[in-house]
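J.: Not my notes, these are from TrEMBL:
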type	residues	note
DOMAIN	332-396	domain 'SAM'
DOMAIN	401-473	domain 'U-box'
REPEAT	50-91	repeat 'WD'
REPEAT	98-134	repeat 'WD'
REPEAT	146-167	repeat 'WD'
REPEAT	235-276	repeat 'WD'
REPEAT	277-311	repeat 'WD'
Amino acid sequence: MATLIRTLADHSDDVTCCAFSASCLATCSLDKTIRVYSLADFSELPYSPLSGHSYAVHCCCFSASGALLASCSTDGSAALWDTRDGRCVAALPQPGASAVRVCRFCPRGARLLAGAADGSAALWDVRSLQLYRSGKVKDGSLVACAFSPNGDFFVTGSSSGDLTIWDDKMRCLYNEKAHDLGVTCCDISSHPVSDSENGLKYFQMASCGQDNQIKLWLILFTDFLGVQLKYKCTLNGHSAPVLACAFSCDGQMIVSGSVDKCVIIYETNTGNTLHTLSQHTRYVTTCAFAPHRPLLATGSMDKTVHIWQLDLKQPCAGDIVENESKVAVEDWSEDDVSAWLCAQDLADFVGLFKMNNIDGKELLNLTKESLANELKIESLGLRSKVLQKIEELRMTTVSVSVPDEFLCPITRELMKDPVIATDGYSYEREAMENWISNRRSSPMTNLPLHSLMLTPNRTLKMAISRWLETQQK
């Protein structure tokens, strides 16, 4: 069930983009403004609207911590705004002064990517406010971009229909003709998917275009294999060009908006349509899921933004522990920590923890002193509650943290039948057999294997068995 709970009608021209942080919603428009709303009651913040651009604003996005808001415009610049007071921190001119169509923050590290109508891509360091790298797609305007969750690479989409994969040094790694009539948007899920054939983890990407289609892709990015882009499937349902697509925070859903005035929510795994929303009266230009709340925002050329409440099963603390048990808490990302906070009824702290870059390792090291002095949590009761939840997590971590040497380097899962390959490393037998059936190189070194012989590692198998026995006591 998706219920329309609010309509924002403050823009005087087409809405072009909407974006969520943990506590705010930002929208921008051809009317040259960016508006910022509180998620508590959808009231507009005192400093809104932001009016620094001289022409239409095409895109806006929040930094991972929510402390910065970026926007870009036909005026040839990307702007950075302080979300505490709405102050314009900087105006970043695009190389070549072309109209900037899209911008995205790197989820890790202080970088902002801005893409322009002349095909140029500028990667800015938002601390120094200096241009870090720049590049250019081979054809067309750059109209879409998305970062991988770890920030190691990003994808751009062009009006000529190409998807291009770049590394964090702005080197072009791969190019694919994806949509014949032009790409309009792309997004990468923050949750990887497993490939059962070889045990590898893939990033999942969605792209949409003027061909009325949404395509799902799998991206593999490793040191020893380079980049692979695999087409997965096409989601049909729209009868006109698709202008926007986005994954939900957990990767379970994809939403799209189209020239046919409809919004469609799909289930990612099956491709089934969950909801079709047709309340907009003109083209739907943008859509976004809130990161840790069951909310969806959609914007349109009808000058409105609709806020939808999604009827989802809310995770409980046990669900989070069960889902994360395969990953040691110290390896949690900032997003994993945010999801844990929400499950512990501590969602109000998501923005604060994001702003201070609290990942799993930092979370486990928090003390009552750091909560008070570094995170500035003034209430003794709230500090005690957070500390109690962290202590419970520490107790859970003792029983689920698997020694790294017991994990298969290919699958990163506990080995049941470890074998030694001729490169000297141990692997799960089935994973390694699948690996060498397709290639004759080492998964760890990428060097040729002199022999495909696999020798049982009985010593390691016994050590794993003894460790499992201690966990059951």
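Cβ from N, Cα, C; glycine included.
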J.: Look over the recorded stretches 98-134, 146-167, 235-276 and say which has the most C-beta pairs under 8 A to the repeat 'WD' (50-91).
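T.: Ranked by Cβ pairs under 8 Å, first place goes to 98-134.
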J.: Six or more residues out from either end of the repeat 'WD' (277-311), which same-chain residues have a Cβ under 8 Å from its Cβ atoms?
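T.: Non-local partners: 1-9, 11-22, 25, 27, 29, 39, 42, 243-249, 253, 255-259, 261-265, 335, 338-339, 341-342, 347, 350.
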J.: Against which stretches of its own chain does the repeat 'WD' (98-134) lie, if we need a Cβ under 8 Å and a gap of at least six residues from its ends?
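T.: Distant Cβ neighbours of the repeat 'WD' (98-134) are 55, 58-64, 68, 70-78, 80, 89-90, 92, 140-147, 149-151, 154, 156, 158, 166, 168-170, 190.
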J.: Averaged over the repeat 'WD' (50-91), what pLDDT does the prediction give?
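T.: The average pLDDT of the model in the repeat 'WD' (50-91) works out to 94.
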